[in-house]
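The structure appears right after this line, and notes come after that.
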Amino acid sequence: MIPAVTDDDPLEDPLDDDVAPGLDDAEPEPEPRDEHDEPSRPATGSRIGGWVARRGSRFGKGVLDRCAPLSAAIGGGLALWLSFPPIGWWFTAFPGLALLGWVLTRTATTKAGGFGYGVLFGLAFYVPLLPWISGLVGAVPWLALAFAESLFCGLFGLGAVVVVRLPGWPLWFATLWVAAEWAKSTFPFGGFPWGASSYGQTNGPLLALARIGGAPLVSFAVALIGFSLTLLTAQIVWWWRHGHKPGVPAPAVMLPGVAIAASLLVTALVWPQVRQSGTGAGDDTAVTVAAVQGNVPRLGLEFNAQRRAVLDNHVKETLRLADDVKAGRAAQPMFVIWPENSSDIDPLLNADASAQITTAAEAIDAPILVGGVVRADGYTPDNPVANNTVIVWEPTDGPGERHDKQIVQPFGEYLPWRGFFKHLSSYADRAGYFVPGTGTGVVHAAGVPIGITTCWEVIFDRAARESVLNGAQVLAVPSNNATFDEAMSAQQLAFGKLRAVEHDRYVVVAGTTGISAVIAPDGHEISRTEWFQPAYLDNQIRLKTDLTPATKWGPIVQAVLVIAGVAVLLIAILHNGRFAPRMLRRRSATTVKR
């Protein structure tokens, strides 16, 4: 057990080495002297030199004292980044969070310091994670987004310093981590879940936990293991240094040991179910599906020509698939999935685009899910609102059911507060006028209910879950990554892997430029394309109907973790005296000693 704070604990000196240099060295009051005395005074230059030397010494000491935590915060953020694609060293997330935990549990770390170290950790994580944004809009929006997301890491750091005095702080740190990820996935403008720690685990064993609790439970396990490593390491190091002294208790390793063991045990219990689902065993119906990656022209074409060239490329690649089917080189697909924006020319209004798509559908003799841009209700030349849609295009009847994207991307597909932001940046005019659609998230092609999560939608937990609850037996992720780079596409593919395990469904990712893939319910890639080349995938999958615990109760799991984090934060605030000055509070023996 970790000892709690008692009333017998000595008060901590508030003026420790976390105080800014030079704030606690006021000059003493001069002693009274006779006015006839003629004391020898040092020269003015000497006094100034001494003053500068003292303050310089304190400043230097302060910098040296902070080198270790600053380096640890930066190193921790970089380690968490390494766990994400395209590098994908999933195991580095644990030492990354352990380093952050060490910084936040130092006795010298104040609440303001916790916020600052958290922001620094976040910057070291998000800046290298999101550089693909700069390819379209430049460095300023990329760095601004990285900083905005880092603020949530800062809020976590602030909360962590508040709760560190409570017994069992690694557990409370983990709940606060999940709460911070929920907050950044919700606010502002609908949130930005990109960078949730769960998505760095799609190549690791903890991915299995997505089946029972979704992305939040995976993030919780990552954080719990990481922060438990902080306490475990600190206790062992402290005991190594002081254990030879009489009366020194053994290190308190029970809590971190149990936390790590429990996480691994639950993972081991769930993995066999996940693995069995991915092998294709059972009575599930087997069907063949295809995904077409038509690719886009390189830079140099005028915008309208680019749109037409993209459509032509996808028609051409579908015709190649049809030829291979006739020649016996590929299996006949039941339906074909095209990427998002494969027809940016409105096929419901443009007869030529419609004819081209019909030609492709007739050639392959299967319905095609076409990613298109169509006019939305209320369209006017001054307000050119549109829907980002997926249309089921039948070989004989043409357009049928459609899914209008329900979660549209701020600052890309639409511009929040357009009247305000257009005065701040020339990039504002690049944002679209897309409006969210409505529906169940499911379309039917060849009698198969297909859940659609278009590009941006796949990173939000609710999108795929709604589709599966509404009967989807397979999930499709039409995506357009042509304006970004391969790193972004690799990161998005990780979201598809987690959704496959979370909902026990095959996931078919179709990208204009890649990476397209067919993902099994255990998260492994059955097939995939290379980046920036025309290609198609033609694979057999199984239609799944069972609902996982995460599908049924995932939001409840997240709510419990978030509420626990908020509740323990409130308890800690009351326990600490409502953010009273540090000289009036005591720190727990469980904090990491410097």
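Note that Cβ sites are derived from N, Cα and C of the backbone, with glycine treated the same way.
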Identify the topological domain of Trp90 and of Ile573 in Swiss-Prot, and say whether both name the same side of the membrane.
no
Glu340 (active site, proton acceptor) and Cys455 (active site, nucleophile), Cα-Cα, nearest whole angstrom:
7
Could you give me three numbers for the topological domain 'Extracellular' (161-221), the DSSP helix, strand and coil residue counts?
40 helix, 0 strand, 21 coil
What are the sequence-distant neighbours of Lys405 (active site), meaning same chain, six or more residues apart, C-beta distance under 8 angstroms?
Asn387, Asn388, Thr389, Val390, Glu413, Phe434, Pro436, Gly437, Thr454, Cys455, Trp456, Glu457
Going by DSSP assignments with H, G and I as helix and E and B as strand, what are the residue counts for the topological domain 'Cytoplasmic' (135-138)?
3 helix, 0 strand, 1 coil
By a Cβ-Cβ criterion of under 8 Å, what residues six or more beyond either terminus of the topological domain 'Cytoplasmic' (135-138) are in contact with it?
427, 430, 483-485
Residue numbers, six or more beyond the limits of the transmembrane segment (252-269), whose CB comes under 8 Å of its CB atoms:
1-3, 168, 170-171, 205-206, 208-209, 212, 221, 224-225, 228-229, 231-232, 235-236, 590
Go ahead and report the DSSP secondary structure tallies for the topological domain 'Extracellular' (88-116): helix first, then strand, then coil.
22 helix, 1 strand, 6 coil
Taking the Cβ of Cys455 (active site, nucleophile) as the centre, how many other Cβ atoms fall within a 10 Å radius?
25
